[in-house]
Amino acid sequence: MAEAAKKTEPKSESERPMINDPNETWITRIFNYRCYITFLTGFYSCDWEYEEWDKTELGSCCCSRIEQVFFVCLVISFCVSVTLLFLWIETSNEYFDFDWVVHLGTGRWFYWSILMLSLTGIMTAYTSLLLVLGFLLLWERMELFLHACHKVLIWLVIILCVFLMAIICKFWRDKWLIAGLSLKIFAPYVHLCGIAVMSIISWPLSFYVSRLEAEIRLRRFKMTCFEVQNEEETDIFRRLRALQVAVAFPFLLLLICLYLLPLGIYSPCIQKTEDLGPRPVFIAHRGAPMVAPENTMMSFEKAVEFGAYALETDVYLSYDHVPFLMHDHDLSRTTNIKEVMPNATYNHSAFFSWPLLRTLNAGKWFVENMPYYNMKPLSEEDKRRARNETIPKLVDLLELAKKERKFLIFDLFGPPPTHPLRNGYIRHVVDLILKSKIEQHLILWLPVYDREYVKQVAPGFQQVGRFLSVEKLAEENIKMINVDYKKLFYNGLREYKAANININLYIINEPWLFSLAWCSKINSVTTDNIPLLSQMSYPYFFMTPGYYMGIWLLVDFTSAVIITAIFCFHWWREAEKEKMREVCNASGKVQGLACSSLSSPYPLLPRALAIPMKRKETASLQEKPTQPPDRIGESPWIINPPNKGSKKPPSVKDNVKTDAANAPKPPLTESSKDTNTYYSTFSETSQEPRTK
């Protein structure tokens with residue numbers, strides 16, 4: 001590793017020349033270069049000692065094969081972590097269900113969804129930081145040496161992300177559908193943000209492409225002027241050109257695709273204002289569970305206060321034939337059954353009798369756990385009331401619905417096989433509803449079992465179907481369906497709307513999903529978040545086609561102008577730098593700035609072109625005989641003996657002139673003609689006339 005690093009001994013501040021190099025990057029002029037390089041190598045390689053590193057040549061490999069493999073692994077880890085983070089952010093509508101499922105397996109209520117979100121965010125931030133550091137090191141043309149700890153963590157990130165996505169694909173495959181739905185509403189904004197990002201990326205990319213072009217011109221000039229056209233130089237020349245195409249072509253192709261992306265975008269929220277349907281009505285899922293304990297009378301009363309169109313609940317039958325409101329198959333999550341009867345904590349809810357059920361506390365858990373991560377704090381009065389809530393009966397909810405004239409829809413769970421009402425629970429509940437004297441049209445009947453009996457006994461009930469075909473719904477004379485939003489938006493929405501069937505979607509908690517349902521002309525939504533959604537007077541992300549087209553053309557035109565200007569600016573700047581180097585080589589100084597090329601034995605040539613000439617001299621010196629010269633015994637301070645009568649010996653400068661005048665002149669070849677032509681361009685700045 002030490003050999004590949006090609007480190008050189010650091011120079012002290014006094015030994016390091018203060019040269020203002022015109023080729024230095026903007027980042028080296030703004031920040032302390034030592035601190036900058038130490039920051040990059042410290043975080044990327046865990047090497048916090050500053051050392052001068054040899055920069056790799058443009059077009060050459062930046063690191064070893066192993067480092068290349070791990071850099072590819074770093075890119076893969078970044079991609080999978082970003083994908084997982086995006087998926088988890090878009091599924092925020094399902095966070096409560098995820099926490100509930102984990103609670104069933106662990107028996108402990110916690111914000112598991114937020115923990116998952118934090119984990120994916122940390123992995124994405126970590127891989128993003130390493131990737132940015134790696135690109136900055138490549139920008140400085142420094143070799144990559146990823147620390148072993150980072151390599152292990154990168155593999156852990158890849159394995160963990162792949163494992164989590166595999167679990168999601170197996171158990172929550174429909175969560176991927178949510179990500180697709182989000183693009184339906186966010187696609188126009190993703191398009192605009194993508195163009196903005198491409199405009200920002202164009203600055204470093206155009207700088208890099210222009211530097212590659214400048215390097216290609218220098219090498220081409222060297223090959224034509226000094227006839228160093230060997231196989232290695234030709235290979236580097238091709239590599240630079242290929243690298244230039246590999247960087248610029250994908251960028252331009254992606255940019256063109258982004259410019260034309262609106263032609264393939266379909267978003268329900270892009271429509272005319274007069275085509276926008278009315279706001280969907282709300283069906284309060286278990287009441288208002290974000291402000292009161294679910295399936296309690298306090299929760300349903302809060303839902304009525306927020307203007308709910310209908311009330312939704314879940315019904316079980318006790319062992320003594322009393323229908324009561326409960327969602328889970330046991331009482332462990334929403335009651336204090338563990339304190340009252342620890343041995344019966346996980347028994348089925350239908351095996352308890354009503355005298356015991358009515359004594360259980362059904363609200364204390366809500367105040368202690370605050371089950372929704374985005375729920376607002378409760379007032380002291382609501383906390384006191386919630387702590388005293390109990391399990392209500394179905395009759396209590398029927399009385400509230402009859403009083404407030406609210407529609408009522410519920411899931412009726414069948415009792416276990418050994419329950420006394422195993423086969424007759426439907427008829428028992430229907431008779432109870434009819435005895436309550438509630439208007440029959442206020443009942444939205446959802447259970448499928450024994451539906452024909454319900455139609456005969458209670459013809460006024462509104463039959464609600466599931467995700468069935470239009471033909472099946474027409475056969476059963478069903479005019480309303482209750483379906484999962486993840487399935488409807490991909491299949492059957494147009495058919496249902498064409499058949500004039502009322503659609504209710506469950507469960508819609510996020511404003512963007514409610515906006516999507518609103519723009520899609522959905523009739524009603526079942527929601528937990530009725531306090532927030534009831535405040536929306538207009539769908540989010542709504543825009544007219546003309547407005548979006550204007551933004552599209554304006555952003556595309558502005559981006560094209562900015563990107564073109566950036567490319568032209570970097571191209572012009574590299575051309576100006578080339579002119580400055582030529583003037584610097586000719587005069588030695590440009591506006592008082594020291595030129596680094598003066599240290600070269602070929603001051604009239606660019607440094608990159610002087611190096612091969614120096615190599616030729618070195619090779620020619622190695623071919624000379626190693627015998628000492630004839631004047632080895634003479635004084636080292638006098639090359640030629642002084643002339644008679646002169647008071648002062650000739651200077652070293654005079655001796656050099658004399659040797660140059662007496663030296664035999666080589667024949668004039670084609671290459672020397674080209675070289676003399678190159679030198680003649682700077683003859684005006686020479687102090688002495690040139691002689692052929």
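Each residue, glycine too, has its Cβ placed from N, Cα and C.
The compositional bias 'Low complexity' annotation in TrEMBL covers 640-653.
Feature annotation from TrEMBL assigns compositional bias 'Polar residues' to 674-686.
Annotation source TrEMBL lists domain 'GP-PDE' at 280-537.
For 617-692, the entry in TrEMBL reads region 'Disordered'.
Under the heading transmembrane segment, TrEMBL lists 69-89 (among others).
If you look up TrEMBL, you'll see 109-140 (among others) marked as transmembrane segment. Same-chain neighbours of the transmembrane segment (109-140): 25, 37, 40-41, 43-44, 55, 62, 71, 74-75, 77-78, 81-82, 84-85, 88-89, 92, 94-96, 98-99, 102-103, 146, 150, 153-154, 157, 160-161, 164, 204, 208, 333, 365, 369, 371, 373, counting only residues six or more beyond its ends whose CB sits under 8 Å from a CB of the stretch.
Cβ atoms under 8 Å from those of the transmembrane segment (152-173) belong to residues 70, 73-74, 76-77, 80-81, 83-84, 87, 94, 98, 116, 120, 123, 126-127, 130, 146 of the same chain, restricted to positions at least 6 beyond its ends. Marked as transmembrane segment by TrEMBL: 152-173 (among others).
Positions annotated as transmembrane segment by TrEMBL: 185-210 (among others).
Summarising the annotation, TrEMBL assigns transmembrane segment to 245-266 (among others). Long-range contacts of the transmembrane segment (245-266) within the same chain: residues 184, 187-188, 191, 194-195, 198, 201-202, 205, 208-209, 212, 548-549, 552, 556, 559-560, 563, each at least 6 residues beyond the stretch ends and with a Cβ under 8 Å from a Cβ of the stretch.
Residues 188, 191-192, 195-196, 198-199, 202-203, 206-207, 209-210, 213, 255, 259, 262, 270 of the same chain sit 6 or more residues outside the transmembrane segment (547-572) yet have a Cβ under 8 Å from a Cβ within it. Annotation source TrEMBL lists transmembrane segment at 547-572 (among others).
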Open item on the list: Considering every residue in the domain 'GP-PDE' (280-537), what is the mean pLDDT value?
Closed with: 93
